[in-house]
Amino acid sequence: METKEGAVRSRNFIEEIIDADLAAGRHDHVLTRFPPEPNGYLHIGHAKAICLNFGLAQQYGGACNLRYDDTNPAKEDEEYVRSIEEDIHWLGFAWKNKLYASDYFEYMYECAVRLIKKGLAFVCDLSAEQIRETRGTLTEPGKESPFRSRSVEENLQLFEEMRAGRFADGEKVLRAKIDMASPNVNMRDPVIYRISHAEHHRTGSKWVIYPMYDFAHPLEDAYEGITHSICTLEFEAHRPLYDWVIENCECENVPHQYEFARLNLTRTIMSKRYLKRLVDEGVVSGWDDPRMPTISGLRRRGYTPASIRDFCERIGVAKANSEVDARLLEHCVREDLNAHAPRLMGVLRPLKLVIENYPEGRREMLAAEDLPGGETTHEVPFSRELYIEQDDFMEEAPSKKYFRLAVGKEVRLKNAYIIKCERVEKDEAGHVVKVICTYDPLSKSGDVNAGRKVKGTLHWVECQTAVPAEIRLYDYLLREDDAEGDFMERLNPNSLEVLQGFVEPEVLKARPGQQFQFLRQGYFCADAKDFSPEHVVMNQIVGLKDSFSKTLK
Ligand code: ATP
Ligand code: MG
């Protein structure tokens, strides 16, 4: 496997398993699946699972199914289904079959009946709480249910009545009959069917009993002929139950489950349930708020699919949980955009600058490179009145090492001339409102003084043609400190800052969603929803400074 740097990366443990399976003839092809529950939008953690499952399929010339694990009627919705498909496509992957676990409800029901007939499942009247109480602990065995000895006939009858809707939610469940003394708590007569009279997003009210994940998932995998069923580490202890279901339901295809570490990112909420709370409680503007770690949020923020795939490749696949530095994700998009994003000049916090020896009423068009050292350029207008960044000016230079503009000092304006600050104008409160300069007319590129060296080059925007822009700056949703308690109390109150700035007119050609580098400021994209030439809205993707690459060495 070649990595981006051209180094050869070692094979991960799942690739080693697949290699061995193919070499031994246990499989002659690879079929994986990505099984989201349509109860929220996908996040960057799901991107890891997508890149893994679809990536392995590509790598081995196999295929990957998209399967909705829609066995939980109350929380699922068509809106989520649509978003999931959009996100997978956007990441650059295509599924072989699109499937719904709910399409196999009849098959799963038959499998449950088969277990009952084999004396391996029983209808239990204990409440959820009683089941929990009698389950035992890690050191003590559980207690057998008093309903465990029901006859096959009675169980068949009751299970049919459960399906027919004779009972209320929670009144009865179907449990596998395995071993209440098993050292693995998951094997202590786990519940495999429950009653729920909620409306299902696809089957409506046809079913009032629903299979539990541990029963449904292996059957879905077997039904589809999945060869390698890859899930996250917390299911490791469920694997014996997975195998038990496959064996005792006498499935023709025998899939195997493998577990990898889920992705955790610093300062990032990584759970659909919590992300939904942020949406429902109006903390963010929606699932695609550019601060959200959802794929749709990252897309709107300006992340590229390539940068996310690169990130997933770099974090690798391990068998131990860990927390990845969120700055690695930023590093990946910065690297991608540095190579591809056209350069523009935008001033975020404007300060007016007047060049008093530049002829009034004159405007010239200067050439600006689209990419450093690249072949294409665009025109940028220049005239007597400009905006520069407030941060680029101080009335008095604080030290000899200050290379921005100050009274009496010279700087170069990017793509233009060398200017010198003569004096300032202030308002009544004493704030500088205008910087008065002179320019060296012979200092433009190609002219006699073009090579004259001054320390410091500033970006700028010409006032008359400047395009007013709403500029949205983002920070992490969570504060840096690792305070205990509910994540709602750890929210960063400054995760969004809105500025009114100016951008050079070239920005009017932007497509919604298009990324740019604002020279010296960072990467920005035209907001996919709110941007129009009449109302320019730019989202900050990431700054230019990379504090992460140092830690990479
Ligand atoms: P959440 O806890 O955010 O609701 P989930 O695991 O319940 O996530 P599913 O829709 O069930 O979400 O997940 C679909 C697939 O994505 C599963 O195979 C799951 O293992 C994988 N997945 C979910 N979160 C992560 C993560 N943080 N890192 C890696 N894979 C993940
Ligand atoms: Mg889940």
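Yeah, the Cβs are placed from backbone N, Cα and C, and that goes for glycine too.
Please treat TrEMBL annotations as automatic predictions, because they have not gone through curation.
A C-beta separation below 8 Å, combined with a sequence spacing of at least six in one chain, links Glu37 (ATP binding site) to Tyr68, Asp69, Asp70, Thr71, Asn72, Lys75, Glu76. Look at TrEMBL and you will find 37-39, 43-49, Thr232, 262-263, 270-272 tagged as ATP binding site.
Feature annotation from TrEMBL assigns domain 'Glutamyl/glutaminyl-tRNA synthetase class Ib catalytic' to 30-338.
Here TrEMBL flags 341-440 as domain 'Glutamyl/glutaminyl-tRNA synthetase class Ib anti-codon binding'.
Taken from TrEMBL, the feature domain 'tRNA synthetases class I (E and Q) anti-codon binding' applies to 457-527.
Residues annotated as motif ''HIGH' region' in TrEMBL: 36-46. Summarised by DSSP class, the composition of the motif ''HIGH' region' (36-46) is 3 helix, 1 strand, 7 coil.
On the 0 to 100 pLDDT scale, the motif ''KMSKS' region' (269-273) averages 93 in the predicted structure. Feature annotation from TrEMBL assigns motif ''KMSKS' region' to 269-273.
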In DSSP terms, the domain 'tRNA synthetases class I (E and Q) anti-codon binding' (457-527) comprises 9 helix, 31 strand, 31 coil
For a three-state summary based on DSSP, what are the helix, strand and coil counts in the domain 'Glutamyl/glutaminyl-tRNA synthetase class Ib anti-codon binding' (341-440)?
3 helix, 53 strand, 44 coil
Close in space, distant in sequence - Ser271 (ATP binding site), Cβ under 8 Å, 6 or more apart
none
Near ligand 2 by the Cβ criterion (under 6 Å), the binding-site residues from Glu37, Thr232, Ser271 are Glu37
Mind giving me a neighbour count for Asn39 (ATP binding site)? Other Cβ atoms within 10 Å of its Cβ, every protein chain shown.
17
